[in-house]
Amino acid sequence: MAKEKTLFVCSECGGTSPKWLGKCPSCGAWNTLIEQVAGGSGPANNRFGTQYAALAGVSELATLSEIEATDVARTPTGLDELDRVLGGGIVSGGVTLIGGDPGIGKSTLLLQAVDALQRAGQNALYVTGEESGAQVALRSRRLGLDHSQVQVLAEIQLEKIIATLDATRPAIAVIDSIQTVYSDQLTSAPGSVAQVRECAAHLTRFAKTSGTAVVLVGHVTKEGALAGPRVLEHMVDTVLYFEGDTHSSFRLVRAIKNRFGAVNEIGVFAMTERGLKGVANPSAIFLSQHAEPVPGSVVLVTLEGTRPMLVEIQALVDNGGPSPRRLSVGLDRDRLAMLLAVLHRHAGVACMDQDVFVNAVGGVRISEPAADLAVMLAITSSLRGKPLPRGFIAFGEVGLAGEVRPAPRGQERLREAAKLGFSVAVVPKANAPRKGTKEIEGLTIHAVERIEEAMDVVRRLD
Ligand SMILES: Nc1ncnc2c1ncn2[C@@H]1O[C@H](COP(=O)(O)OP(=O)(O)O)[C@@H](O)[C@H]1O
Ligand SMILES: [Mg+2]
């Protein structure tokens with residue numbers, strides 16, 4: 001029966017086929033056919049239904065000025081760092097996808113959040129597909145969430161989940177995880193792209209019509225992509241990502257998409273025996289403690305969301321074989337290759353026959369180009385075997401022509417570094433305090449316009 005209701009739709013051209021084929025019969029693209037329920041969401045009904053007007057009638061229009069501009073109402077979860085990434089709290093009818101490696105703390109954080117919301121008088125439902133109710137209860141006891149009134153549903157069938165949601169209409173519902181949920185309407189295996197997408201679409205529609213805030217938990221593959229849920233990113237309102245090294249106690253939650261707030265805002269947590277605790281002043285947590293300065297280590301002042309943070313960048317340059325390796329952890333590898341070329345061309349630092357490894361300490365992921373200068377100085381320091389002086393920081397973007405470009409909100413970065421006791425800075429000229437303006441106490445600032453200049457400054461500091 002179920003088979004007759006399904007259709008395979010090409011994600012490229014929208015062409016359809018009654019059965020799965022490796023090649024789309026319409027456009028010839030490979031591996032693009034995705035199963036869809038007839039009557040469900042997706043291109044099958046959107047693109048190929050004809051005579052829309054005859055079938056549905058024309059909707060009424062309103063001009064922008066006629067529409068009342070109301071801001072969305074947010075309910076704070078009570079976990080400050082989570083509220084910060086969400087843009088103030090959960091939004092009624094909003095759908096949030098939260099991704100991260102297994103064991104990083106997704107279930108822990110969400111259980112803490114729904115419990116806090118429940119205590120604040122919001123009805124919360126926690127749907128668990130990965131663990132039994134008993135396991136969730138065990139976790140809640142460990143987290144010290146005694147007498148929790150959060151409702152728990154151990155269920156993986158979409159239709160039953162939605163029926164329960166519809167009957168109870170909670171203010172917030174967590175689906176842990178979306179990959180375990182499956183619909184009877186599809187023949188694809190649970191966890192497949194078709195299942196994950198269809199289930200998420202139904203849950204999203206439920207959120208929008210009922211006003212329940214829905215949080216979908218999604219697993220991430222080794223490569224760092226949300227498995228399957230990648231296709232969900234455009235469907236949901238907010239995408240949060242857990243970052244951090246599971247071996248360290250710090251966890252970062254980053255908003256990579258947010259229809260209700262700023263993106264790239266991050267929340268910082270520490271994993272403790274009693275769950276995740278917010279870290280209100282995270283600026284110094286990504287520094288390793290060296291007794292003496294070591295070669296290849298430079299402290300970068302990065303700006304994550306609204307807060308400056310100091311992150312140690314480490315580089316190791318070592319004799320490589322015939323095809324030397326370039327490896328980066330927490331930094332973009334293509335960018336590393338580019339910076340090595342700039343170093344060679346404009347500063348005469350050659351690493352052609354060397355293995356180059358760079359790492360951002362603490363499992364933090366740095367995407368801003370303002371890390372360039374610190375990365376290049378760390379590489380040079382490792383190559384020369386000379387440490388940078390104690391209390392040294394750097395930031396600034398480096399262009400292909402060797403120019404050092406300013407980073408956003410440089411003064412804030414410098415002040416944060418000075419506050420934490422750093423004393424020497426190499427920064428883009430436009431970020432240094434102008435002559436005659438107030439200096440930053442305790443910080444000697446070397447303003448540079450080109451990468452060669454930065455190298456000269458550092459050599460003079462030896
Ligand atoms: N019994 C326990 N005692 C202490 N810490 C635990 C216990 N069980 C789990 N944890 C910690 O909680 C972390 C997060 O677990 P969890 O929230 O289930 O992650 P996720 O849902 O992202 O897979 C685990 O990596 C572990 O460090
Ligand atoms: Mg979990």
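Yeah, the Cβs are placed from backbone N, Cα and C, and that goes for glycine too.
Feature annotations, reproduced from TrEMBL:
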| type | residues | note |
| --- | --- | --- |
| DOMAIN | 71-220 | domain 'RecA family profile 1' |
| BINDING | Gly100, Asp101, Pro102, Gly103, Ile104, Gly105, Lys106, Ser107 | ATP binding site |
| MOTIF | 257-261 | motif 'RadA KNRFG motif' |
| REGION | 355-462 | region 'Lon-protease-like' |
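Secondary structure at Gly100 (ATP binding site), as computed by DSSP, is strand. Among the binding-site residues Asp101, Gly103, Gly105, Lys106, Ser107, residues whose Cβ is positioned under 6 Å from ligand 2 are identified as Lys106, Ser107. Per-residue confidence over the domain 'RecA family profile 1' (71-220) averages 93 (mean pLDDT, predicted model).
Report note: the ATP site is defined by Gly100, Asp101, Pro102, Gly103, Ile104, Gly105, Lys106, Ser107, and the residues of the same chain whose CB lies within 8 Å of the CB centroid of those residues, excluding them, are Thr108, Phe242, Thr246.
Proximity to ligand 1 at the level of Cβ atoms, with a cut-off under 6 angstroms, picks out Gly103, Ile104, Gly105, Lys106, Ser107 from the binding-site residues Asp101, Gly103, Ile104, Gly105, Lys106, Ser107. The binding-site residues considered are Gly100, Pro102; of these, Pro102 has the fewest other C-beta atoms within 10 angstroms of its C-beta. Highest Cβ count within 10 Å among the binding-site residues Asp101, Gly105, Lys106, Ser107: Lys106. Under DSSP, Gly105 (ATP binding site) is assigned to coil, being neither helix nor strand in the three-state scheme. Here the binding-site residues are Gly103, Ile104, and the one with the most other Cβ atoms within 10 Å of its Cβ is Ile104.
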